[in-house]
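Below is one structure, written out as structure tokens, with a few remarks after it.
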Amino acid sequence: MVQSSKLLSFALAVSACAVPALAGQVQLSDLQLPPSAAGVQATVKQMFVDSYNAYRNYAWGHDDLLPVSASFTDGRNGWGASIIDGMATMYIMGLDDFFEEALNFTQFINFNESQVIETVSIFETTIRYVGGLLSAYELSGKQHQILVDKAKEVADKMAYAWQTDPDQTIPFGEIWFSDNTAVVDTSNIAEAGTLDIEWSRLTLYTGNETYTKLTEGSVRTIANLVTPLPGLAPQGIDPSSNTFVGDYLTWGGGSDSYFEYLIKYPRVTNIDDNLFADTWHAAVDSSISNMARQSTVGNYTYIADWDEGELIHVASHLECFHGGNWIFGGHLLNNQTIIDYGLELVDACWNTYASTTTGIGPEVFYFLANDQWNGNGVPSQDELTFYNEHGFWITSSDYILRPEVLESNFYAWRSTGDTKYLDRAASAVDSLKKYLPQPSGGYAGLNDVDNPSAGFIDDQESFWFAEVLKYLYLTFDDPEHVSLNDYVLNTEGQPFEAPPAKDVYGSGQPAVVAGQFVSKTGLPLPAISPNKYLPSPLPTPTTS
């Protein structure tokens, strides 16, 4: 396939980093906020207060508010996800009454059984509950032992996801708490590889190394398997055999946070093993060399999906975390090429917000590039007209309060000090406040970000509190408060204290795993961070 000279030069520059380099600081020193920042920050805080009060009024003790119908849902096993997921944000915002109320609620949660007749997601429960509890424990001065005790309670139940086989290293994704039996099924690398940050913190505060051994072992297994492209593990994984399922490569859902944690885990632990940082380095290098493309309109930089060697020009809101992640990791590797590339990804994702009627970005979108189009979706005339104006077209138009574009924008601001990122965040605040509020006080999603009259999505998921409002608040907060030089945020936006930075992360060389790629075919893949309002994922990966 044709590769632009610009992208090729990026790839060569990344591969050329052959010697260890001193890790840079992620965040600029002496960042200065303009006077207008305080007003925007106050608006974000009020948005939290309003939407959380709506939750308290209509959904207290349940997982999420249904903001349109003023009711509730229990999609995270009924343990009060919005409370636990929002605790760190409450503390950061100085909402002491909310935090104390949440702390009191925590002691009465019974994590030994699901409050609804559903399986428990190892991934979602880890990032929201274990992550939320332990982040709140750290931020509040490590004085509330109940937060550690409750994190341990739920993790001890989830540990049965590894117990099907004595030699099992990758957990199954779902488990029944009623009898501690795992659902024997395929999983994906995001579910299996996004646990080690949270569980290693549990080791830190309990002294039990088993939590780290289990979750770190899962990542080690995946990272040591031969992949179609260096560092880029396929989306699907079979825990029963430690074998990939298919060969679909993406930075989007099903894979996203596996790659995210490859570079965040060494920073939050200062582990001496270079496997994690070097595998992340290899994944970025392979992505730039093989999957990076620029749109024929606007020259926006995207990372295409890869299916059996064929590129699919698709991107998503979920995938838009990658810009911030590349900025973060580029600093740790002291690699300006990766940082610059991350900033381009941030620009492309922000363009999806700037291009819609509401100023909010869509769930899934496609683009055209100067290489062979594989036929996996041809734009209609209306879509082509939109593309010719904006450099992408929308294939799934909904917005379910996702944070990733605002998350990466936050990293870009803290890394560069360029006030355009503040302007973008302020614009997003205006849009969210204009189009999402409901009479209940809650904030609802949109069926169509380019047509607000298409109606609302009746759900206010807990990541609205944990991520969207936290990233916006921190964007306009004192940069030394939760500095990216001192904290690592998990994939749910929960901050964890990081030790003083090492002089180097990784060996300076992308990881290489020798051997022949092996995968299973024809097995189904579960979704990660699923959007229940879509009839099916777009695109649908093949597993041949």
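In case you wondered, yes, glycine gets a Cβ from its N, Cα and C as well.
Because TrEMBL annotations are produced automatically, they should be read as predictions rather than curated entries.
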Partner cysteine of CYS349 (disulphide bond, per TrEMBL) from CYS17, CYS320: CYS320
Cβ neighbour count within 10 Å of CYS320 (disulfide bond): 28
Among ASP256, GLU363, GLU404, which are recorded as active-site residues, the nearest neighbour of CYS349 (disulfide bond) by Cα: GLU404
Rounded Cα separation (Å) that holds between ASP256 (active site) and GLU363 (active site, proton donor): 15
Proximal residue to GLU124 (active site, proton donor) among recorded positions CYS320, GLU404, THR491 (C-alpha distance): THR491
